[in-house]
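According to Swiss-Prot, the protein has these features:
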REGION    1-130  region 'Interaction with MLIP'
REGION    71-80  region 'Linker 1'
MOTIF     417-422  motif 'Nuclear localization signal'
CARBOHYD  S626  O-linked glycosylation site
CARBOHYD  S629  O-linked glycosylation site
Amino acid sequence: METPSQRRATRSGAQASSTPLSPTRITRLQEKEDLQELNDRLAVYIDRVRSLETENAGLRLRITESEEVVSREVSGIKAAYEAELGDARKTLDSVAKERARLQLELSKVREEFKELKARNTKKEGDLLAAQARLKDLEALLNSKEAALSTALSEKRTLEGELHDLRGQVAKLEAALGEAKKQLQDEMLRRVDAENRLQTLKEELDFQKNIYSEELRETKRRHETRLVEIDNGKQREFESRLADALQELRAQHEDQVEQYKKELEKTYSAKLDNARQSAERNSNLVGAAHEELQQSRIRIDSLSAQLSQLQKQLAAKEAKLRDLEDSLARERDTSRRLLAEKEREMAEMRARMQQQLDEYQELLDIKLALDMEIHAYRKLLEGEEERLRLSPSPTSQRSRGRASSHSSQSQGGGSVTKKRKLESSESRSSFSQHARTSGRVAVEEVDEEGKFVRLRNKSNEDQSMGNWQIRRQNGDDPLMTYRFPPKFTLKAGQVVTIWASGAGATHSPPTDLVWKAQNTWGCGSSLRTALINSTGEEVAMRKLVRSLTMVEDNEDDDEDGEELLHHHRGSHCSGSGDPAEYNLRSRTVLCGTCGQPADKAAGGAGAQVGGSISSGSSASSVTVTRSFRSVGGSGGGSFGDNLVTRSYLLGNSSPRSQSSQNCSIM
């Protein structure tokens with residue numbers, strides 16, 4: 001069974017055999033054949049889309065698996081990190097507590113040392129005074145040898161008195177210790193009484209709050225009841241309530257006053273007892289001190305006490321040195337532990353950052369694939385909806401009549417003048433290709449020539465003294481920017497080199513202004529290279545602009561709407577098929593020579609959009625912006641004017657045919 005296109009071709013052939021064909025009629029026939037060829041290529045395109053959807057499903061599965069692996073690893077690392085951090089905090093807290101304890105002990109030891117040193121100084125003064133008196137006594141002894149017997153008897157008497165005094169001193173010291181103990185007990189009882197007073201005050205406040213709450217509740221209940229009774233009953237209940245509340249207040253105030261009086265009486269009595277005990281103890285201590293001063297005339301006891309104090313002082317100093325050494329060791333141990341924990345935390349952060357970077361790369365790839373698949377689906381749906389085509393392939397048409405189509409179209413200029421230009425579309429796209437072999441990459445190049453941005457993607461600082469940025473704008477002279485001799489780009493940092501005409505502020509090390517150049521330049525081919533101090537190219541980014549112009553025509557004869565693609569400029573002027581649309585790189589390809597149309601289109605049309613691809617030379621992500629200019633009258637739907645009449649869709653592999661008259665070649 002013949003298709004509608006075959007029937008139209010048969011009818012056209014019969015008419016052509018019976019009547020001579022006009023140039024317009026020949027053009028229509030040739031366009032019908034081209035439309036049939038488009039159907040074949042659309043079928044190939046649909047197969048390609050299906051294969052891409054299959055690949056996308058596999059990639060989605062891989063991305064899902066990668067996300068699950070990354071989430072599990074991040075959760076494990078996070079748990080380990082939190083556990084290690086908790087252990088480090090516990091260790092730090094224990095070290096801080098031990099340090100505080102050692103500092104307290106050190107302060108106590110220092111106070112004891114100061115007290116012992118003062119006592120030692122005082123006893124040394126007493127020793128010197130006693131030695132001077134000993135000399136006087138020896139002189140008296142020499143002058144009073146005659147009264148030796150009397151002195152000996154007095155000596156025995158004095159020795160007895162000394163023994164009695166020592167006993168009294170021991171008793172007084174015991175009494176002093178007991179007085180101190182009583183004073184401490186009194187202070188503890190005082191603190192206890194103050195605590196009880198505070199507790200009673202809090203209980204009083206609590207009782208007040210309870211009574212206030214009960215009062216409010218009682219008022220609320222009475223107010224509820226007063227709604228149902230008359231005014232006389234209401235006044236009676238209010239007076240009763242006021243009397244009851246007044247009695248409650250009086251009772252509570254009496255109890256509070258009684259508690260206060262009892263507490264004050266108890267506190268005053270205990271305070272008076274403590275004061276009396278302190279006074280008695282101070283009197284006893286004064287008497288004891290006087291007796292001790294009298295007893296210090298004995299050199300032997302002073303010497304013994306002095307030697308004992310010196311021994312105690314030496315022991316305290318040794319203990320102090322031991323404590324200082326122990327504190328130093330604890331500090332060193334704490335520093336080592338903290339350094340190890342910080343190093344482990346830095347390693348975990350680095351691993352987490354690496355995994356996040358890998359996940360971000362996978363996510364970027366997924367987003368790019370989703371964008372491309374969405375665009376392909378929209379294009380195919382628009383073509384199928386407008387042309388109502390089935391995916392069944394037809395036989396390929398030879399391209400032998402392409403030249404006749406071109407010549408007859410030119411010869412029938414008088415007929416084509418009847419066509420009205422409905423709409424035209426201009427697409428300007430920027431394709432970027434980057435390559436990096438070192439730590440620093442050219443991250444971004446401004447299309448208007450305002451700035452160039454570099455990024456250090458490594459974990460180490462990069463010295464960039466005397467490095468150069470070389471900018472080549474097509475056939476224009478080479479521009480070279482040289483970094484300062486001591487410039488260093490830190491790890492993960494970004495530096496932007498602004499042209500002086502951009503109006504940026506010089507703020508090293510993140511923003512540098514090239515005062516010698518007003519602009520970095522702009523054009524259809526921009527190549528930016530980073531050269532190190534040895535002259536080696538370590539990074540490069542190339543930006544190429546391509547421009548295509550698409551026109552949408554309408555014929556007024558019996559054949560209706562048909563596709564027509566204009567390949568702007570002189571590209572493939574002699575012969576060739578309509579251009580193919582490469583789905584992967586999103587550039588228009590010549591159907592004859594397979595070269596990008598931007599080389600032939602050059603700078604034709606208006607620049608209104610850009611296509612930006614980032615990453616290495618092996619992959620690119622493209623986003624295209626376009627505008628639409630409408631001329632003439634009439635027009636189709638959005639899908640007819642903007643998408644389906646713009647490009648002839650085919651597979652991603654360009655056709656291989658003769659390229660005799662191709663301007664690209």
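Backbone N, Cα and C atoms are what each Cβ position is placed from, and that goes for glycine too.
Across the region 'Linker 1' (71-80), the DSSP tally of helix, strand and coil residues reads 10 helix, 0 strand, 0 coil.
The helix, strand and coil residue counts that DSSP assigns across the region 'Interaction with MLIP' (1-130) are 123 helix, 0 strand, 7 coil. Mean model confidence for the region 'Interaction with MLIP' (1-130) is a pLDDT of 79.
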